[in-house]
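Annotated transmembrane segment per TrEMBL: 87-109, 121-144, 156-181, 202-222, 242-265, 285-309, 321-344, in sequence order. The feature domain 'G-protein coupled receptors family 1 profile' is assigned by TrEMBL to 100-341.
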Amino acid sequence: MSCYMFESIPEDGMRKVTQGWVLVPRKSPGCPCPGAHGGCPGHTFPAGQPRAALLPTPNGSGPGQEFEGHWPESPERSPCVAGIIPVVYYSVLLSLGLPVNLLTTVALARLATKTRKPSYYYLLALTASDVTTQVVIVFMGFILQGALLARQVPQAVVRVANVLEFAANHASVWITVLLTVDRYNALCHPLRHRATSSPGRTLRAVAIVLSAALLTGIPFYWWLDVWRDTGPPGTLDEVLKWAHCLIVFFIPCSVFLVTNSAIVLRLRKRAQSGLQPWVGKSTAILLGVTLLFVLLWAPRIFVMLYHLYVAPVHRDWRVHLALDVANMVAMLNTAVNFGLYCFVSKTFRATVHQVICDAHLPCTLGSRPEGMAGEPVLRPPEIPKGAGWQRSV
């Protein structure tokens, strides 16, 4: 779909083509999409679709009154309401979220190496999945393919990108599921958790989830973009959209609800008996991560089902705008975990501070002129001039 309108060529400069008038496309004056092709992914022509149309007139004569002036935009095409806002938002999200996630990766890697706790390995894998999601979905999908290239890319490249995007999405969600199950075993079945948990088992579990995420992303090679879904959904399209909703939201949320409820009940019983505090830092991080995921991803799933059964994106501008906003909110989930970790864990804050200091120290030493060495912090006291050794009496 495109923010283009059609206008007829003036009579003095007309070109007649076999009983009709050539109509040329032009940018709609009210369209907020930047550039010649529009920045909104929903307002670009599908590959191979012509950008001009021939509107035949009765008996090959000149255009009638109904064809004079601007050709009105089809009521089946929703206008571009968000305009350039999503492009700016994703650019800011990528420029801020990617460095923060890289810093989180280094800090969690240090904690995992030092403590060898499974929870740090799972959080490290979750952060790496968020980095992949930001690169593949936010940069390659929304910014590069949607805004800069205006979706004028080969169809095969688009389909391969779909596989990578959904695989990264599935990996991020299901590593969170692994973290939830690990915390459930640690709190509800501590003896079994101590006997079975190890860094090797944790890494194997992460590898299995990543492999499964890649395999589950392959069917989405045939995913039909909602921006181009102009007709009634077919069987394959409906199956893929429901599979997307089940894999990334409904099934994980069911696991979160069951395990988190069991964890909270167990901690409440222990708190009543005075064994330990009502909630620990690891459990607080887990509950925060799962709650943020549910809140930030629920709008996208709701709009996806609404598009599937009630009103498609390309016909209702409100659904179009809702999907734009829902996508932006869902991608925010890839950049908020750093703030949650810093808010809950003092150990994580100290590790981040140490990482920043270690990165700043070589830069400071490397900026000094050659031949100038750093003086030691502690120096032996100097003997004042003129003072000699005195014999003690």
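Glycine residues also receive a Cβ, built from the backbone N, Cα and C atoms like all the rest.
Automatic, uncurated: that is what TrEMBL annotation is.
Same-chain neighbours of the transmembrane segment (285-309): 123, 126, 173, 176, 179-180, 183, 226, 229, 233, 238, 241, 244-245, 248-250, 252-253, 256, 260, 263-264, 279, 319, 322-323, 325-327, 329-330, 332-333, 336-337, 340-341, 344-345, counting only residues six or more beyond its ends whose CB sits under 8 Å from a CB of the stretch. The largest share of C-beta pairs under 8 angstroms with the transmembrane segment (121-144) comes from 156-181, of the ranges 156-181, 242-265, 321-344. Averaged across the domain 'G-protein coupled receptors family 1 profile' (100-341), the predicted model reaches a pLDDT of 87.
Long-range Cβ contacts of the transmembrane segment (321-344) within its own chain (Cβ-Cβ under 8 Å, at least 6 residues beyond either end) map to 40, 81-82, 85-86, 89-90, 93, 96-97, 100-101, 103-104, 123, 126-127, 130, 133-134, 137-138, 142, 172, 226, 281, 284-285, 288-289, 292-293, 296-297, 299-300, 302-304, 306-307, 313, 352.
Between the transmembrane segment (242-265) and the transmembrane segment (156-181), three or more CB pairs separated by 6 or more residues in sequence fall under 8 Å, so the two stretches touch. In summary, the transmembrane segment (156-181) does not lie against the transmembrane segment (87-109): fewer than three C-beta pairs, each 6 or more positions apart in sequence, are under 8 Å.
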